[in-house]
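*Asks:* Following this message is one structure expressed as structure tokens.
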Amino acid sequence: MCGLVGYVGQRPACGVVMDALRRMEYRGYDSSGIALINGSAKSGNLTVRRRAGRLSNLESVLAEMVPASLAGNVGLGHIRWATHGRPTDRNAHPHRDATGKIAVVHNGIIENFPSLRHELEIAGVEFVSDTDTEVAVHLVAQAYCAGETAGDFVGSVLAVLRRLQGHFTLVFANADEPGTIVAARRSTPLVLGIGDGEMFVGSDVAAFIEHTRQAVELGQDQAVVITADGYRISDFDGNDDAVNARTFHIDWDLAAAEKGGYEYFMLKEIAEQPDAVVDTLLGHFTGGRIVLDEQRLSDQELREIDKVFVVACGTAYHSGLLAKYTIEHWTRLPVEVELASEFRYRDPVLDRSTLVVAISQSGETADTLEAVRHAKEQKAKVLAICNTNGSQIPRECDAVLYTRAGPEIGVASTKTFLAQVAANYLLGLALAQARGTKYPDEVQREYRELEAMPDLVARVIAGMGPVADLAYRFAQSTTVLFLGRHVGYPVALEGALKLKELAYMHAEGFAAGELKHGPIALIEENLPVIVVMPSPKGSAMLHAKLLSNIREIQTRGAVTIVIAEEGDDTVRLYADHLIELPAVSTLLQPLLSTIPLQVFAASVAQARGYDVDKPRNLAKSVTVE
């Protein structure tokens, strides 16, 4: 997601902070900003500059300023990936309070910001941005000016932290206490850098790796107060809590630091998938209802929908295939899933009661954008599922669900796919809620089950070592087949696509029931076949049929690699290699069963000596038809 840095020390903060932002550009961003405090030990002046677009835009603004206004030994910096509010100058960080004394930079999502903003507006606070971040700085200023924590900067920040809900990292500076920075984290990362007469905080060690190799990783719900001379770690109540932080020495070089210690960005992004799902879900269940990020459609209009089309390309298309199962099951609406590149050329039947769902990571995919425009011309209602706030597709749609996966550097999609799948569930529940096909308590129960998935995603990722070993064993195979049924079929398609993209191998995904209608002719001795097994609890019939398929291919000499839920002992007899996953409900299985296929493809590519992040002939955002 966003990248942030804080510095207090003896050097000019402007140069230190800007260097840190340049080192964090790899994270991806749509705007940037800096806050500097120049003054004595008792009071100072706060200067803030921020710009949408590339970091060079901010550099140009700073170059035009009087050097004296850039002086100061305390600074905050931020590169933003928009989640609340479009990527504009006024939504860029840092944000200030009304007095212009307190500044904040923020990574993550403040889930209860609508109610907090309403409270502040009633109190007369005027907001200048559309972000959730601005709520935090106004609350701190309010606490600092009056009440029990009046005049106590650290106490004011802690009091506000206790009120915030969500996942966030926040870093505050105050011109009235110019030698102090207060930072805190809940779930999103925050690392402290310990220098000689200077201190740093950052989203990751890339923010300060050129200046110090001594670091402290803050724990959950911890705050830190830093000055040039030292630091103090506490919980949100102000109690000493250094024991729950982790001190470590940074052995990586800068390139490794950018990748979080992983060899490739894609491996880092696979590891980030629990956070991608958490952040996509945050803030979408409020007051007992599923809410969209942007909604220009009334519940009445949603109730009038009588059919749904999902349009997408590549990996997003596979997430759309999964959306079909969810939406049809929960809403009883018919759903068609179309490749965006084919959609507008076949003259689909669309009208005012049609909902077209456009899924795109970048929000700029040319084929998907043209499909959206065709749907709008036919008076259909259009909803976007997108990872990039302010991109073209969301701007042209009637409603938007943002996948808050953050920037994805690897060309092959991983965390954005899981975030899209999570967003599809939210959409299905929102439609079921509007149409009355699920009672409120049923919607809440489904959402709570979805909310528990990130921990299981993390558990699966932690156990992927054997899958990587398996990949090296089959790295020289010429063909790999993938089989699945029901929601396992789109997962099989996605697994095959990943192997094609990354390892340049022939790979095909099939619905297992089609095996006897042709693909079984491909089965030969030692051919690896990966099977995505449904839960025996979800559908005993589907499970039995897929077991029969496995027996068919095994008797013809294929090597079976079976992905099945823990406790499914019936499959052990027919699996040459078994990958076990936690048991979840059928519709949620793709959030787990996709992960081994991502790891398998990346590991095969590594074993074959290919660049996992930059597969040949592919681009991250396809903006031509």
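Positions of Cβ are set from backbone N, Cα and C atoms, glycine also.
According to Swiss-Prot, the protein has these features:
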type	residues	note
ACT_SITE	Cys2	active site, nucleophile
ACT_SITE	Lys620	active site, for Fru-6P isomerization activity
DOMAIN	2-229	domain 'Glutamine amidotransferase type-2'
DOMAIN	298-437	domain 'SIS 1'
DOMAIN	470-615	domain 'SIS 2'
*Asks:* On the DSSP side of things, how many residues of the domain 'SIS 2' (470-615) fall into helix, strand and coil, could you say?
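*Replies:* Split by secondary structure, the domain 'SIS 2' (470-615) comes out as 73 helix, 29 strand, 44 coil.
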*Asks:* Could you tally the C-beta atoms, other than its own, that fall within 10 angstroms of the C-beta of the residue listed as 'active site, nucleophile'?
*Replies:* 27
*Asks:* Determine how many residues of the domain 'SIS 1' (298-437) DSSP places in helix, in strand and in coil.
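*Replies:* For that range the per-state counts are 67 helix, 28 strand, 45 coil.
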*Asks:* If you average per-residue pLDDT over the domain 'SIS 2' (470-615), what number do you get?
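*Replies:* Summarising the domain 'SIS 2' (470-615) by its mean pLDDT gives 94.
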